[in-house]
Amino acid sequence: MSPPRSGGRRRHPATRRRALDGARLTAYDVLDAVTSRQAFANLLLPQLLRERQLEPRDAGFATQLAYGTLRAQGTLDAILTGLVSRPLAELDPRVLDLLRLGAYQLVDLRVPSHAAVDTTVDLTRAIVGTGASGLVNAVLRKVAAGGDRAAWLAALAAEGDERLALATDHPGWIVDAWRDALGDEAELEPALLADDVAPEVHLVARRMDRAALAEESGGQPGPWSPYAVRLGGGDPGRLASVRSGRAAVQDEGSQLAALLLTRAPLDGPESAWLDMCAGPGGKAGLLAVTRPGGVRLTAADRAPHRAELVRQALAGEDDVEVVAADGREPPWQPGTFDRVLLDAPCTGLGALRRRPEVRWRRTPEDLAPLVELQLELLASALAAVRPGGVVAFVTCSPHTEETVAVVDVAAARDDVEVLPVAPLFPEVPDMARGDYGQLWPHRHGTDAMFMALLRRTR
Ligand SMILES: C[S@@+](CC[C@H](N)C(=O)[O-])C[C@H]1O[C@@H](n2cnc3c(N)ncnc32)[C@H](O)[C@@H]1O
C-alpha cells in the first residue's frame, strides 16, 4: 500500500484551513455562522478579526467581503438561481455560502475572475470537499462570464419594485415599507442605496469635551448632536477615551433620540427620569450626563444580561439605579417619573446598515408581536409618568406599523397630548414626519430613527 500523499487532498481539515487566504476564510466563517447558527455578523466579525490578528488590509477586505456578501444576498441568489440546476435551498448550505462569496467578488467587487474563482474553489475543497469544488468552479465561471452587477441586473430583466429591490439589496417588503414611510417616490431609490453601504462610526463625548474627542480620534464634529464626533475610519476601540468610558460609540441619531427626552418642554420641577428599555445603555449613558443636577435616573431592561451592560455603561455615575424589570409589570409606582424614554424593541429596519444580515432574516410576520409589545410598553410608560410629564417613544425603524400607528393609538387618548418633535431640533433639516420625527441615512447620515413625544395632560 502506498503511503498517504502529502498533497492538499489528504491533509487534515485544520491544516488545510491554515493554508487558505485569511480574509476570505474569515468572511466565509462569518457567512457560515450567520446561516447555520443565526449569528450576528457585527458581533462575530470583530471577535474573529481580534482572534486571528489579520493585517489591517486583510481585516478590511474580510469586513467588505462578509458584510457585502450578506447585504447582496438577494441579488446574488437571483443570479445563482439561474445557474444551478437545483433549487438553492437544496444545496449544501456551505456550498451556497461559498457561491455567494465568490459571486459577490465577481459581480460587485470586480475581483479578477481567476482570483475570485480559484480562491473560492480552494475554500470549497478545504471546507466541503473536492466533490463540491467542481460545481463551485463551473457556476462561478458562468457568473464571471455574465459581467458586473449592472450587466446581471439587465440580464435578470427585473422591472419596477423587483428591480429596485435587486439594485439596492433590499427584500421587496422593506422597499414597500420605506416607500410608505418616506412618502416621496423620488427619494426612495437614494434612500435605499444609502441604506446599502457601511455606516461611518459615530462617537459620543459623554464625560469629556467634544473638541478633545475630535482631536484624539481624528474625527469631525457631527452636524446635529453637540456630543457627536464622526470618524472617517479606524478602530474606535483603540481610543483611550473610549476604553475609559468617557466616550463611546453611538450613532448620532441615537444621540438625538436621547436628547429629545431632555429637550421636551415640561411643566413644574423634575426629579426622576426613567429609561424603560435601556439595554445596552447607549441612550442611558447620554441621559446620565445631560440630566440636570438632582435628577435621579432609573434604567430598566427585561433581559438581565442587558441590564448588566447598562450597569457597566453607567458605572461611575451618581444617582442612577439599574433594574432588570419588564416594563409591562414594573416595580415602580404609577406617576413616579417626570420624563420617560421608551426606546422600544422593534424590527431594527432603520439600522440595517450596521446589521447586514437582518434585512434577510426579518419577515413581515415579525411586526405583529412587536407592535403588541410596543403598545403595551407605551401604555405602561404613560402610566409611569406624572400628569404634565413627557414620554419619548423611539424606534430604530421607520416602518409605519411600529411607529406612527403605535403612537397614534396612544395619542387618541383624552389624557395624552402630542408635542411636535421637529421644532425641538431647529438645527436638523427635514426631520418632521407630521408631528413626529424621522431621521434617515440619506438625509441625515444616521440610522432611520423614529421619535415621538407625548405629554400626560392629567
Ligand atoms: C432598542 S433596544 C434599547 C436600546 C437602548 N435604549 C440603547 O440606546 O442602548 C430595546 C431593549 O428593550 C428590551 N426589552 C424588550 N422587551 C422589554 C420589556 N418588556 N421590558 C423592558 N425591556 C424590554 C430589550 O432587552 C432591549 O435591550
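Cβ atoms are placed via backbone N, Cα and C, with glycine included.
Note: TrEMBL annotation is automatic and uncurated.
Other Cβ atoms within 10 Å of the Cβ of C396 (active site, nucleophile), summed over all protein chains shown, number 26. Taken from TrEMBL, the feature active site, nucleophile applies to C396.
D326 (S-adenosyl-L-methionine binding site) falls outside any helix or strand according to DSSP and counts as coil. Under 8 Å, Cβ to Cβ, and six or more positions away along its own chain, D326 (S-adenosyl-L-methionine binding site) finds R302. Feature annotation from TrEMBL assigns S-adenosyl-L-methionine binding site to C277, A278, G279, P280, G281, G282, K283, D301, D326, D343.
The domain 'SAM-dependent MTase RsmB/NOP-type' annotation in TrEMBL covers 174-457.
Taking all protein chains in view, 25 other C-beta atoms sit within 10 angstroms of the C-beta of C277 (S-adenosyl-L-methionine binding site). Taking a C-beta cut-off of under 8 Å and a sequence gap of six or more, G279 (S-adenosyl-L-methionine binding site) has these contacts in its own chain: D301, A303, H305, R306, A307, L309, V310. Taking the Cβ of G281 (S-adenosyl-L-methionine binding site) as reference, residues of its chain lying under 8 Å away and at least six apart in sequence are, in sequence order, A299, L309, V310, R311, Q312, A313, L314. In this view, K283 (S-adenosyl-L-methionine binding site) is surrounded by 27 other Cβ atoms within 10 Å of its Cβ, with every protein chain counted. K283 (S-adenosyl-L-methionine binding site) and C396 (active site, nucleophile) have their C-alpha atoms 12 Å apart, to the nearest angstrom.
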